[in-house]
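Quick look at what TrEMBL annotates:
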type	residues	note
TRANSMEM	24-46	transmembrane segment
DOMAIN	24-448	domain 'Ammonium transporter AmtB-like'
TRANSMEM	58-80	transmembrane segment
TRANSMEM	133-153	transmembrane segment
TRANSMEM	165-186	transmembrane segment
TRANSMEM	198-216	transmembrane segment
TRANSMEM	228-248	transmembrane segment
TRANSMEM	254-278	transmembrane segment
TRANSMEM	290-309	transmembrane segment
TRANSMEM	315-335	transmembrane segment
TRANSMEM	356-381	transmembrane segment
TRANSMEM	401-426	transmembrane segment
Amino acid sequence: MATSEAYLPNPPAVPAWLNKGDNAWQMTAATLVGLQSMPGLVILYASMVKKKWAVNSAFMALYAFAAVLIVWVLLCYRIAFGDELLPFWGKGAPALGQKYLVRRAKIPESVIHHDDGSIETPPNEPFYPMATLVYFQFTFAAITMILVAGSVVGRMNIRAWMAFVPLWLIFSYSVGAFSLWGGGFLYQWGVIDYSGGYVIHLSSGIAGFTAAYWVGPRLKNDRERFPPNNVLLMLAGAGLLWMGWSGFNGGAPYAANITASMAVLNTNICAATSLLIWTTLDVIFFGKPSVIGAVQGMMTGLACITPGAGVVQSWAAIVMGILSGSLPWVSMMILHKKSALLQKVDDALGVFHTHAVAGLLGGLSTGLLAEPALCRLILPIPGSGGAFYGGKGGVQFLKQIVAGLFVIAWNIFATSAICLFIRLFVPLRMPDEQLMIGDDAVHGEEAYALWGDGDKYDPTHSSNWPGQGLAGDEASHINMTASPYINGARGVTVNL
C-alpha cells in the first residue's frame, strides 16, 4: 500500500526546517491580529463616533489596512526587519519574490555579539517561511496605523490621510520597529518590548496626538457632543479587539511555545483586571458604570500588558491591570481637564490616554516586573530581568525609560514633519462646510439609510422632501435644506 504524500519524509512544500505547528499557529495569530483591524477597529471606530462620521471613520481604517499592506511588501518590511542601513533603520527593498518568501524566515540583524565579535545569541530564525513572518508583521503595522486614525477622526481631510499613511509607515513606524525588534540599537541594548507597547501603542498614541495638533480640532459642537451612534456594535468591535489580542501577544515569540501560552493568559488577565478597575472608578466617581468606560479600560489593559506579556508572572499581570485601569483613567478624566495642552489638542477618541499612557506604563512596569526565568526563554540578551528581581534590573528600568523617550521624540518629530509636508499640497483639515454635514459631504454616503428601503433620496424632488405631509411641530424637527451632494444613498437628517 502506497504511503500518502503527506507522510513522506520531505514533501516538496515541507522542507526539513519547516515546523508545521509553528507555521500553523503563526498564520492563525496573524489572522487574529488582522481581524482586530478588519473588521474589529473598523466596527469600533464607526460605532464610537457621532452618526454623521460613521462612514468616514470606518473608511479611514479600511483604507489604512489596504494601503499599509502594499507599502509593507514593496518597501517597509525590509526597512523594519532587513539588513541594517542605520542603527535605527533597515535597507528598504521589496518582499515579493518567491526566492525571498519561501526560504526560512530570518531577522538578520537580531544576532547579538560579544565584545570580541564572537556570536553570543544567533539571529532569530523561526521554523517557517519568510512569507508567514512578512504577513504577521504587516498586521502589526496596520493596526498601529489605524490606531493613529482614532485621534483625527471627524475632521481630517481624507486626501491628506491617504498621503499620511504611507509616509508615516516609512518614516515613523519602520524606525521604531527596526530599533526595537529588527536588531536596531535599542534591541542590541537589551530594551524589552515583547509585543509592541512602545513600537505600537506608545508610537500610535504620540503620533495621533501630534497629528491632531497639526490637523486642528473638530467643530465646536462636535467636540462638545460626540456620542457613539451604536453602543452595542461598539461592543462587537471591542470583542474582536480583545479576542484578537491572543494572536497579538501569543504570536510574538514566533513559535507555539511556553512563552506564547504565558502571554495569552497574561493578556486576558490584565485586560479583565483593567476593565474592572476602570468600571469601579466610574461607579465611585460618577455613580454608574459606563459601557464606553469599560471598553476604554479593556484597551488600556491590553496596551499595558503588551510590552511584557510573555516575560511577567500572572500575578504581575494583575498588578499591571490595576495600574492600567487607574492611571490612564486619572489622565483622561482628571488631568485632561486641567491641562491646557490636552484641552487644546483635539484627540477625538482619546488615543493618547488609552495607548500612549498605557503603553509607556506597560514598558516601565515591564522594567520592574520582568521575571528573569521567563526572560531567559525568549529574550536575546542574557541576564535580562526587572528591577524587583535585583541583579541588573535597575539598569533594565533605565533602558525602558530611555527607549520610551526615544519613541516619543521620534514620533513627535517624524509626524510633525510629515504633516507639515502634506499641508504644502493639500489641507489637513476638511472645510467647515463639509464638517457641518459629515459623511454625506465627504463620501456621498451615510451609515444608516432611513429613507425607504435602499432607495436613493433625491433632494431636488419636492415629494421626497423630509417633513412633507407632517404637521408644523413635527416638520420643525426635520432638516428641510436640500443637500448639494446628491450622489449616493441618502437618509433623513434629524436635528436632535
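All positions are counted from 1 along the displayed chain.
Keep in mind that glycine also has a Cβ here, set from the backbone N, Cα and C atoms.
All TrEMBL annotations are machine predictions without curation.
Of the Cβ pairs linking the transmembrane segment (356-381) with the transmembrane segment (254-278) and spaced 6 or more residues apart, 3 or more are under 8 Å, so the two regions touch. Most Cβ pairs under 8 Å with the transmembrane segment (315-335) belong to 254-278, among the candidate stretches 24-46, 198-216, 228-248, 254-278. Outside the transmembrane segment (24-46) by six or more residues, the chain places 54-55, 57-58, 60-62, 65, 126, 128, 132-133, 135-136, 138-140, 142-143, 146-147, 149-150, 153, 229-230, 233-234, 236-238, 240-241, 243-248, 250-251, 254-256, 260, 295, 349, 447 with a CB less than 8 A from a CB of the stretch. The recorded stretches the transmembrane segment (228-248) and the transmembrane segment (290-309) share 3+ CB pairs below 8 A when only pairs 6 or more apart in sequence are counted, and are therefore in contact. For the domain 'Ammonium transporter AmtB-like' (24-448), the model's pLDDT averages out at 95. Within the same chain, residues 37-38, 41-43, 45-46, 89-96, 134, 137-138, 141-142, 145-146, 149, 153, 156, 158, 161-162, 165-166, 169-170, 173-174, 177-178, 181-182, 443 sit at least 6 positions outside the transmembrane segment (58-80) and bring their C-beta atoms closer than 8 Å to a C-beta of that stretch.
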